[in-house]
Structure formats: C-alpha cells, structure tokens
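These notes concern the structure reproduced below.
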Amino acid sequence: MPQPVLYNLSLAELEELMRAWGQQPFRAKQLYRQLYLNLTNDPAAMSDLPLPLRVRLHHEAQLDPLELVQSQQADDGLTRKALFRVSNGALIESVLMIYADRVTVCVSTQAGCAMGCDFCATGRMGLLRNLSCGEIVAQVLWACRELRAWQVKLAATPHTPIMSTGEADTQWWGSESGAFSERVTHQVNRVTNVVFMGMGEPFANYERWWAAVERLHDPNGFNLGARNMTVSTVGVVPGILRLAEAPLPINLAISLHAPDDQLRSTMMPINRRYPLAELLAATREYTERSGRRVSFEYVLLHGRNDHPYQAMALAKLLRGQSISKGPPLLCHVNLIPWNPVPGVPLSRSERSRVHEFQQILRDYGVACTIRIERGASIAAACGQLAGH
Ligand code: SAH
Ligand code: SF4
C-alpha cells in the first residue's frame, strides 16, 4: 500500500484516515491545523499530537511530497525561486515574490508542458507529468515558510536596507509599476496571492489543480480568498467554460499573445484546436456568466507581435469589432516583457515599442498595464521555468 500523502487529503479524508488508524476524529482537525496554519511539515514538531501518532505519521504517511533541490534569490532577496524534485525524479519550480503590499507565489501545475508554445522554456521540455493536488499545495506552503524565515532574519537585522533599484536592463518595467522604488515595510506577513502561472497548463490538469484551489481556500485551513488566486491558461476553451461554472470566484488570465489566427497558430499550437473566434466566444461566456473581468496576457516580441497595426487589431478584437462581434469584452491587457530562453532566436520589444503598444490600446479604450519584471537574473521570470 502506498503511503498517504497528507497534502493530498481534504479534512474529511484526514478524518477518515484518523478513524482508520483508531484515532479520535478531532485529531484530524489538529493535524489539519498543523499542516495549513502552523505550516509544519515534520510530524516531530506537531507537539499537540500524542507521541505514538507522531511516530506513526513519520513512518506511515508522507508529509511533504517536494524535495528541495536548490533555492536562489534575486532582487535583493525579494524574489526567491525553488527547484523541487517530485517522485519519479521530475523537477519543478516555484517563485516567491515579496512586494510592499502583497506577497505572491507563482506555482507549477505540471512538470513540463505539452502545449509547445515556441517562446516558452517550459514548452520546450514537453510534458513529464501532472502534479498532484498535494504537490501544488506544498509549493504554496514552501513559500509561506520561506517568507517566515526571511521575516525572522529581517527582524534580527532591522537596519538592513532592503530597497532595490532593479537591474539596468529591467529598470523600465520597474519604473512603470514602481516595483523597486518602494520600500518594503514588512507589513505583509503571509502569502497573500497565489498565481498558477508556473510550469504547465493548469486546465490540462484541471481536477488536481482545482482540488488545490479548494484546499487553499478552505476556511478551516489555509483560508486564502478566492479573489487572491489567479489561474493562467494558454486558451483551453473547455477549461474556461468549466471555470465559468465553478463555485469560487478566482481570477482568470488568458495568454493571447497575437491578434490574429495566423500568427497565434505559429506561436501557440493550441490555436489550431481553439482558434481566436472560439476562444473569445468562450471568454465572453465566462465574463457574462461570472460577471468577472478577465485579463489577457500579451508577451511582446520584437518585430513579431509588437507592430502598431497589431495593437490596433488587438484593440478591435477586444472591443468586439472584428471576428468576435458584440459589446466590448470585460477585460484588461497585461503586456509582458519576453524573457530570454536559451536557444530561442527571439528578442524582447524595445521600451518605446512597448509604450506605444500600450498607448494604442488605451486610445481604443482597452485597459492595459505592463507587468512588473521579477527574477530574470535567476531565470525565475515568466516562461523561464524549465527545471534547470
Ligand atoms: N500555461 C499557462 C500558464 C503558465 S505560463 C499559460 O500559458 O498561460 C505563464 C505566462 O508566461 C503565460 O502568459 C505565458 O505565455 C508566459 N510566458 C511564457 N514564456 C514566456 C517568456 N519567455 N517570457 C515571458 N512570458 C512568457
Ligand atoms: Fe505551456 Fe504556458 Fe509555456 Fe505554453 S506558455 S508551453 S501553455 S507553460
């Protein structure tokens, strides 16, 4: 019998396990609190549990399904990347980003990815395997422990300046958002946001991913608000429609990256299966059913998808004036600086081009921001995760 992985189990399932082990049912709640409130990943430290139960947990259950292989820091320690080994040897990555007003963790939902987008490091690996609910949840708990350790260290050295000016070549993303000009105040003492934007396509692993969302949301445990979670999809239409019916109002981001089918199919093979008209129809259905705004991600590539005429085409698409007829979509566009991927002969758009692109969208009435860049020096930025 394989050992139960505790992070895979809901509270009800933990109760079942405790019953099967001849324990009182309330032990499950204690254990659940240890896992999700105290962030304990070692049975020996669960001091409110009787010793024999701690021993049994140690021998007969698996606590943390992630083996930390390496961790790296950038942006003066405000960005931290972890490389984990999961069972079967696959490597996955997670990134913790500390801001003045929030703490975000970006987690993987698959080891590798089958979608094959031609600008993405993960896409080049192919799919190794889906992650379990417990493996997804455990990445968030790693981030919480990492944050706690960082804060303990800061408290011990209160005069350490923790302000960064960013690197010269990335400064302009920072200046857009003020990312590195702000002083981190240590006010935020928990992970406030979880984004499913690491390795993999969440909607290609929908059930396990959704179980992780529910686990993180559970008010008896980790208690993270649904609006503090964001899932990003390459454009898997059935997943978008499924999410429209889901009981928790988590945020949806859709990777668009091109304003027409011809270009999008070259960049993202999924477009041949779910072309733009279908994708936008599903998005429209999602915004109408849920009443929530979506955000479209658009990674800017020099000379490929960053021309002014493409910005205009994108604006028309989102305003419902071309293949997707109807009222303007309830949306927002997030422009992403492309992060270099070894061996990929592409380059990021110039700063002036990005601002021009943004201005055109805004002139057409489409809300548009430029994403803050974090972690490029440790290959922890969007699309650079490849389990190195
Ligand atoms: N598979 C999902 C979520 C993971 S990728 C998706 O594709 O949406 C998270 C985001 O990073 C996506 O918007 C993706 O298009 C973008 N991305 C991929 N490679 C990138 C790169 N090299 N530079 C910048 N963004 C990239
Ligand atoms: Fe997969 Fe997203 Fe990368 Fe495309 S961009 S290959 S869907 S992780």
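Even glycines carry a Cβ here, placed using N, Cα and C.
TrEMBL: automatically predicted annotations, no manual curation.
Pulled from TrEMBL:
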- GLU93: active site, proton acceptor (ACT_SITE)
- CYS382: active site, S-methylcysteine intermediate (ACT_SITE)
- CYS113, CYS117, CYS120: [4Fe-4S] cluster binding site (BINDING)
- GLY200, GLU201, SER232, SER255, LEU256, HIS257, ASN339: S-adenosyl-L-methionine binding site (BINDING)
- 99-377: domain 'Radical SAM core' (DOMAIN)
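Screening the recorded positions GLU93, GLU201, SER232, LEU256, HIS257 for a C-beta under 6 A from any atom of ligand 2 leaves GLU201. Minimal Cβ crowding within 10 Å, among the binding-site residues CYS113, CYS117, CYS120, LEU256, is found at CYS117. The two recorded residues, GLY200 (S-adenosyl-L-methionine binding site) and CYS120 ([4Fe-4S] cluster binding site), show a Cα separation of 11 Å. With a cut-off of 8 Å between CB atoms and residues at least 6 apart in sequence, the same chain places VAL195, PHE196, MET197, PRO202, ALA253, ILE254, SER255, GLU297 near SER232 (S-adenosyl-L-methionine binding site), listed in sequence order. Comparing Cβ neighbour counts within 10 Å across the binding-site residues SER255, HIS257, ASN339, the minimum falls on ASN339.
For the binding site of S-adenosyl-L-methionine, formed by GLY200, GLU201, SER232, SER255, LEU256, HIS257, ASN339 according to the record, the largest Cα to Cα distance is 18 Å, rounded to a whole number. When the binding-site residues SER232, SER255, LEU256 are checked against ligand 1, SER232, SER255 have a Cβ within less than 6 Å of one of its atoms.
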